[in-house]
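One structure is given here, and the rest of the page talks about it.
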């Protein structure tokens with residue numbers, strides 16, 4: 001079957017971009033789907049002359065009581081969406097005489113602007129001559145309303161009834177920096193804020209002025225704190241790599257690793273590498289490389305913090321941020337976290353319940369030392385027994401030989 005016998009579905013909708021080079025047929029004579037605008041047939045096409053569908057009225061059925069209607073052009077005025085009483089009567093009789101079908105009720109729109117049946121807008125000619133057709137040019141009140149017009153309905157009343165509509169509005173261009181209209185601007189130019197140097201203060205609204213000044217002052221203080229922190233951080237040198245941290249080549253390495261119990265300066269990458277070393281014991285890698293003070297965790301920061309109060313705030317913010325992330329060792333109750341109650345991450349079950357912190361378990365060794373551990377496994381005892389040091393046979397032989405000499409000497413001296 002040739003594709004030329006198949007009607008192009010894009011051409012049927014008026015959007016075929018292939019044109020004459022299309023492999024399908026552009027003949028609408030054999031096409032069953034119609035390109036007539038269904039909204040225009042109902043009388044309220046919002047696109048008007050810009051609609052890509054045909055604005056034509058199809059002829060009525062042969063058995064209908066009304067003759068064929070003329071085909072208006074898209075540029076002509078829209079007809080009234082309400083059928084005449086004769087048409088409505090014939091349609092109702094046709095549906096009521098069909099056996100086996102339920103009677104359909106006509107949908108009634110409650111919004112007058114959608115239906116166009118406002119009683120106060122009905123011209124006298126329509127009341128006097130209910131069967132006649134009114135000219136849309138002579139009666140603009142009877143023109144059908146679009147959906148956009150229905151949305152806009154009541155906005156004027158809403159603006160008029162608002163409490164602040166009578167007050168002049170601030171010019172958005174002057175508030176942003178400069179208004180090219182100057183004194184001829186229809187909007188109100190506000191007073192200049194002494195902090196942000198913008199015309200954003202309403203001269204007649206003290207609440208707006210107070211709120212903006214409070215917000216502006218808070219932003220100004222925050223920016224000043226950042227400026228002071230940057231000034232205090234720009235010459236800090238890492239004690240491990242001996243480089244200025246904020247002058248490193250990579251932007252990801254320009255971060256400080258602040259120890260919780262120490263005030264020495266390190267970059268984040270160096271102190272993390274130090275604490276990940278495997279050849280040292282745990283107390284050594286947790287301590288500061290310079291002063292040997294043990295710190296439980298490292299806080300990443302863009303700026304250097306030396307004040308203890310600011311440092312405490314940074315530690316609390318760091319703990320709160322870590323507490324929102326799920327612990328990868330706990331695994332929602334499926335695993336065991338080796339850090340126990342000291343873990344900064346979130347220990348929660350699948351249903352959202354938080355796990356109670358485990359109490360550290362103690363073990364007393366034969367030497368009298370106490371060690372803490374989180375879990376006890378049978379394999380740990382088996383491995384400890386297998387790796388336990390066994391005395392060598394050479395030591396046993398030497399011990400037995402010494403006992404023999406002592407025995408011989410003791411026997412000779414003890415005889416009577």
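Positions of Cβ are set from backbone N, Cα and C atoms, glycine also.
Residues or ranges marked as zinc finger by Swiss-Prot: 2-29, 31-58, 165-192, 238-292, 321-350. Residues or ranges marked as region 'Disordered' in Swiss-Prot: 61-144. What Swiss-Prot lists as compositional bias 'Basic and acidic residues' is 95-123. According to Swiss-Prot, the phosphoserine annotation covers 139, on the basis of similarity to another entry. Annotated region 'Makorin-type Cys-His' per Swiss-Prot: 193-222, in sequence order.
For the zinc finger (238-292), the DSSP counts in helix, strand and coil order read 18 helix, 7 strand, 30 coil.
A Cβ distance under 8 Å defines the sequence-distant neighbours of the zinc finger (2-29), meaning residues of its chain 6+ beyond its ends; these are 35, 52-53. Same-chain neighbours of the region 'Makorin-type Cys-His' (193-222): 167-168, 170-171, 174-177, counting only residues six or more beyond its ends whose CB sits under 8 Å from a CB of the stretch.
Predicted-model confidence for the zinc finger (165-192) is 82, expressed as mean pLDDT. Secondary structure of the region 'Makorin-type Cys-His' (193-222) per DSSP, as helix, strand and coil residue counts: 17 helix, 3 strand, 10 coil.
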